[in-house]
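Q: When I checked TrEMBL for this same protein, it listed these features:
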- K94: active site, proton donor/acceptor (ACT_SITE)
- G194, I195, G196, H197, V198, G199: NAD(+) binding site (BINDING)
Amino acid sequence: MTSEVISTKELTKMDPVFGQMSFDNHEQIVFCNDKDTGLKAIIGIHNTVLGPALGGTRMWNYSNEWEALNDVLRLSRGMTFKSAITGLNLGGGKAVIIGDAKTQKTPELMRRFGEFVHSLSGKYITAEDVGMNTEDMDIVREVTPYVTGISESKGGAGNPSPITAYGVFMGMKAAAKFKYGSDVLEDKSVYVQGIGHVGEALIENLLNEGAKVTISDINQERLEEVRSKYDVTIYGGNDLYSEKMDIYSPCALGATINDSTINKLQASIIAGAANNQLEDEVRHGNMLKKKNILYAPDFLINAGGIINVYAELENYDKQEIMRKTENIYNTTLDIFNRAESNNVTTQVAAMNIAKERIEKRKREQSK
Ligand SMILES: NC(=O)c1ccc[n+]([C@@H]2O[C@H](COP(=O)([O-])OP(=O)(O)OC[C@H]3O[C@@H](n4cnc5c(N)ncnc54)[C@H](O)[C@@H]3O)[C@@H](O)[C@H]2O)c1
């Protein structure tokens, strides 16, 4: 990946850490290195006003350290607002491990990473993200209690992806309600970009409701595998953004909504799981609004995963997880209504609520 947004050339023009464009008053950034296991990781703690900074660990073969740093800065900031808007008592954090998850991830490396997490005494709590799974978190659990997303057999809430997908589905239905007057997705054409853990589970929800699903992925084998299981069409063209569709659902990586794609986009709704979908929150939020494309803010509708792992900390059960995730529907509708009445983008409307909650807690703490 990329730095999803800024080119390395741009990144290296700025001061290495605090001067980065993606630096947004982060509380702490921890660089972790271990020669024996080959671990090179960065933990980003953005904000802990509402609680410990919880966020997954992503393992990715970044082209350089600038890109890894930029990613962890952006992702950890996103977690702060995700937990805030979802009403969880958690702050925002995230970690990235630099390397290829397929060839460089070993139990020793994961354990060593867990020790670094442990050294922060609970200020940061980890979980899985791209390149990680519940088994990896089980290994981290051997050396620290500050980890969530562990297997059900080990007392955890299990794989968060189906819950994330359900939340995205709820957000998408709320968008349909707002846009078309009905939240039924039957016969709506939905393009799911990225059919990984979340994408596949989302497809199941969509097909159950009778939506017409087209899938795309850079992994051809994965496309064939998913098509063999479900009644979906594989996208065969080379410019998905120009296709006629009702709903575009980005479920791969971030920043796919940018100057070039918005100009082409024919969808009337964007609702997906990927983090940081807008390359530039303000500019691209405004462009979507102008084009009358309804954007369901990513950090609002993809919160099912964090609701699921939060259950491990708060000891609530599956029913409560589902209830909280289903509530994403109401929160999303509320955001759309606020955005419309205040004439702001949906991203701004959602961010304002999240920021208000953090500011309120800060005031209470300073009393
Ligand atoms: N897993 C969760 O619970 C969760 C929670 C919140 C947010 N998210 C976000 O949702 C997204 C998907 O998560 P996941 O767990 O399904 O990841 P995953 O790694 O299982 O799947 C990602 C899929 O996207 C594909 N992909 C990568 N680049 C692509 C591209 N340019 N075009 C098309 N496909 C591409 C990959 O081949 C893979 O199949 C990520 O951005 C993740 O951060 C996931």
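Cβ atoms here come from the backbone N, Cα and C positions, even for glycine.
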Q: For the C-alpha pair, I'd like the distance in angstrom between G199 (NAD(+) binding site) and K94 (active site, proton donor/acceptor), rounded off.
A: 21
Q: Hey, how far is V198 (NAD(+) binding site) from K94 (active site, proton donor/acceptor), Cα to Cα, in Å?
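A: On Cα coordinates alone, these residues lie 19 Å apart.
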Q: Are there any residues in the same chain, six or more apart in sequence, whose C-beta is under 8 angstroms from the C-beta of G194 (NAD(+) binding site), and if so which?
A: S216, D217, P250, C251, A252, L253, A273, A274
Q: Tell me the Cβ contacts of I195 (NAD(+) binding site) under 8 Å, same chain only and six or more apart in sequence, or just say none.
A: I203, I215, S216, D217, R222, L223, V226, C251
Q: Which residue among the binding-site residues G196, G199 has the fewest other Cβ atoms within 10 Å of its Cβ, if you could check?
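A: Output over binding-site residues G196, G199: least Cβ neighbours within 10 Å is G196.
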Q: Would you say which of the recorded positions K94, H197 has the most Cβ atoms within 10 Å of its own Cβ?
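A: Ranked by Cβ atoms within 10 Å, first place goes to K94.
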Q: What's the CA to CA span in angstrom from G196 (NAD(+) binding site) over to K94 (active site, proton donor/acceptor)?
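A: G196 (NAD(+) binding site) to K94 (active site, proton donor/acceptor), Cα-Cα distance: 20 Å.
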Q: To the nearest Å, how far is the Cα of the residue listed as 'active site, proton donor/acceptor' from the Cα of H197 (NAD(+) binding site)?
A: 19
